[in-house]
Structure formats: structure tokens, C-alpha cells
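Student: Pulled from TrEMBL, these are the listed features:
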- 4-142: domain 'Aspartate/ornithine carbamoyltransferase carbamoyl-P binding' (DOMAIN)
- Ser51, Thr52, Arg53, Thr54, Gln78, Arg102, His129, Pro130, Cys131, Gln132, Cys265, Leu266, Arg293: carbamoyl phosphate binding site (BINDING)
- 149-304: domain 'Aspartate/ornithine carbamoyltransferase Asp/Orn-binding' (DOMAIN)
- Asn161, Asp225, Ser229, Met230: L-ornithine binding site (BINDING)
Amino acid sequence: MTVKHFLRDDDLTPAQQAEVLALAAELKKDPQSRKPLAGPRGVGVIFEKNSTRTRFSFEMGIAQLGGHPVVVDGRTTQLGREETLADTGRVLSRYVDAVVWRTFGQERLDEMASAATIPVINALSDEFHPCQVLADLQTIAERKGALAGLKLTYLGDGANNMAHSLMLGGVTAGIDVTIAAPDGFAPHPDFVDAANARAAETGATVTITSDPSAAAAGADVLVTDTWTSMGQEDDGLDRVGPFRPFQLNAELLARANPDAIVLHCLPAHRGEEITDDVIDGPHSVVWDEAENRLHAQKALLVWLLDQNSVATESFTS
Ligand code: CP
Ligand code: NVA
């Protein structure tokens, strides 16, 4: 039995991603229109790192779909303590219809997904944040219409989860993605290869640079994220000095297209990766972006439950 999971952005083909985004737009207009979890059926939502947006948006989204969210601090479970992640996946598959999990290394998600008979959704790992990028794409589409052919520039830590997910998810949507990062903070080469492979299918491009000014020039979308992701606080690297030229400020914004929009997944560190005048200014769409977590994740759940419904029926019969 093949279960469809969402562990990284390129788990969705370009056509599948477009279906999820169309459904997200539909659900935003009519939030109570789909109840695939009526019963209620359950969804496990597990956090091994802090969260505000992901926690609230999944918990409310699952409730709006008619279901019951079982929200758990992973640090209080047997996860990774004595029980293998695969065994945890087998057990959770007997209780709930999907698992949403925020964790550390991507291999943890892979291990649980290898044994789970229900969809496993990555709610942020060290490597990827694909649910965020679905919301980002929905937000961009609302402002710009067609996604294909846009230029998106990400400024900051090119080796973090947001950079990797924007690269993979962006080119899946046909967006030309530029990652501008200081030397030593470029995206992981395996993920650049994966993005280039996907870009070859969609006609998009991937550019990696350490020149923030050139990267911002002519951009339709500017994105940044924290310079220190959760779990990197004590990694011994200078996560301030090399990043200063990559701050998303008025000067870099002026290099972009006049109607450029600014995204940040939040939480923002004002005065570090982004200035107050930019995040609070007319180009910023960060609050819509945060709201769209709710709609995009509901769409993802509806879509994944639909994809896996044949498997679920055979399992329960
Ligand atoms: N953007 C995001 O994932 O926010 P939280 O960490 O608050 O969930
Ligand atoms: N890159 C950030 C994203 C937070 C939503 C982190 O992993 O901490």
C-alpha cells in the first residue's frame, strides 16, 4: 500500500501543487465547505520545537474540517525515547487519520512515514518547511495572479528550512527562485540538484548568489527569515555579522520591482533580518501570509485524505 505523504515540497508534482493551491483559495472563500474529518476523525499534531502559527492554524483547521486535533508536545511522549519512530508511526496509524509533525532531522520524518499507513505531514524540520511555502504561494498568487515566470528572491540563511522549501516549492510553481546568502550559508547541494531537476520540468530557474543587491534587482517577491533557526542557537557560527548585508531593508526593497511584495514566515526579528519600515510598510503581506497557513493546510489535508482514501477504506474494511 503506497501512502501519499507531504515531507518536502517536491512530494507534490506541479499539477498536484496547483490542485492544493486552488483548493486553498476555495476554502478561504468558504471555510466550512469541506468536512472530510466529520465523526470526528482525528489528526495527531506533534511538536518537538516551539510554534505559534503552525499550532493554531492546524488545530483550528482540523476542527473546521469536522475533525479532532490531538495536539501533543513531542517532548512528553515516547517519541525517540525508547520506541522507534517507525513503531510510533504504526501505532498512531491505528488512532488518527494523519500525523502532522514538527521535528529536527528530515530522516525522522522519513522513518515514521516509512511505517505509517496514514499521511505524515512535515510541519517544519531542520531541512524543510513545506506547509509554510504552500501558504506563501497562495499569498503570492493572491497578489500577482499567475505564479509561473515570477522572480522570487530569498535573502538570508540559504541553508535553512525556508530557503530549501522556497527553492523546491517555488520552482515547482514555475517561479524563478534566487537564494542570496553569505558565503558558507548556501543551500545544501542535494536540494539545489533537486530544485534544478524540478525546474527543468516547469521551465523555472534556480540561482544561488552571495550578492544581495544583484539578487534583489527586479524581484517580484522578496522573502527573508531568521538568521538563527530553532536548534541552531549554539552551533558556534557567527549568525549576525555575515548576514548584515542581507537585511531586508528599504535599500534592498528599492532594488526590486515597484510592486514587489515582501514575505516573512514569522516570527520576525525586527531590526535583524528585516526592518520595521519594511515589515510594516505597504509592500508587506506577512499577515495575509500567516492567515493563509490555515487555508493552505486545510487544503493539503483534504487533498491528502482524498488521495489516501482508497488505502484507508481497505485498511478499515
Ligand atoms: N511560521 C511558522 O511556522 O511559525 P510558528 O513557528 O509560530 O509555527
Ligand atoms: N527557519 C525558522 C522558521 C521558523 C518558522 C526556524 O526553523 O526556526
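Glycine residues also receive a Cβ, built from the backbone N, Cα and C atoms like all the rest.
I would like each feature placed in context: is it buried or exposed, what are its neighbours, and how far apart are things?
Tutor: Residue counts for the domain 'Aspartate/ornithine carbamoyltransferase carbamoyl-P binding' (4-142) under DSSP, split into helix (H, G, I), strand (E, B) and coil, are 65 helix, 23 strand, 51 coil.
Non-local neighbourhood of His129 (carbamoyl phosphate binding site): Asn122, Asn161, Met162, Ser165, Cys265, each in the same chain, at least six residues away, with C-beta under 8 Å from its C-beta.
Note: Ser229 (L-ornithine binding site) has non-local neighbours Asp126, Asp157, Asn160, Asn161, i.e. same-chain residues 6+ apart with C-beta under 8 A of its own C-beta.
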Student: Can you list which of the binding-site residues Arg53, Gln78, Cys131, Asn161, Cys265 have their Cβ under 6 Å from some atom of ligand 2?
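Tutor: Passing the 6 Å Cβ check against ligand 2: Asn161, Cys265.
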Student: Can you tell me how far the Cα of Cys131 (carbamoyl phosphate binding site) sits from the Cα of Asp225 (L-ornithine binding site), in Å?
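Tutor: On Cα coordinates alone, these residues lie 15 Å apart.
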Student: Got a sec? Which of Arg53, Cys131, Ser229, Cys265, the binding-site residues, have CB under 6 Å of any ligand 1 atom?
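Tutor: With ligand 1 as the reference and 6 Å as the Cβ limit, the list reads Arg53, Cys265.
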Student: Give the sequence-ordered set of same-chain residues, not counting Asn161, Asp225, Ser229, Met230, with Cβ within 8 Å of the centre of the Cβ atoms defining the L-ornithine site.
Tutor: Leu124, Asp126, His129, Asp157, Asn160, Met162, Thr226, Thr228, Gln232
Student: Please determine which of the binding-site residues listed here (Cys131, Met230, Cys265) has the lowest count of neighbouring CB atoms within 10 Å.
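Tutor: Ranked by other Cβ atoms within 10 Å, the binding-site residues Cys131, Met230, Cys265 bottom out at Met230.
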Student: Far apart in sequence but close in space: which same-chain residues, 6 or more away, have a Cβ under 8 Å from Asp225 (L-ornithine binding site)?
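Tutor: Result: Tyr154, Gly156, Asp157, Asn160, Met162, Ala163, His264, Cys265, Glu273.
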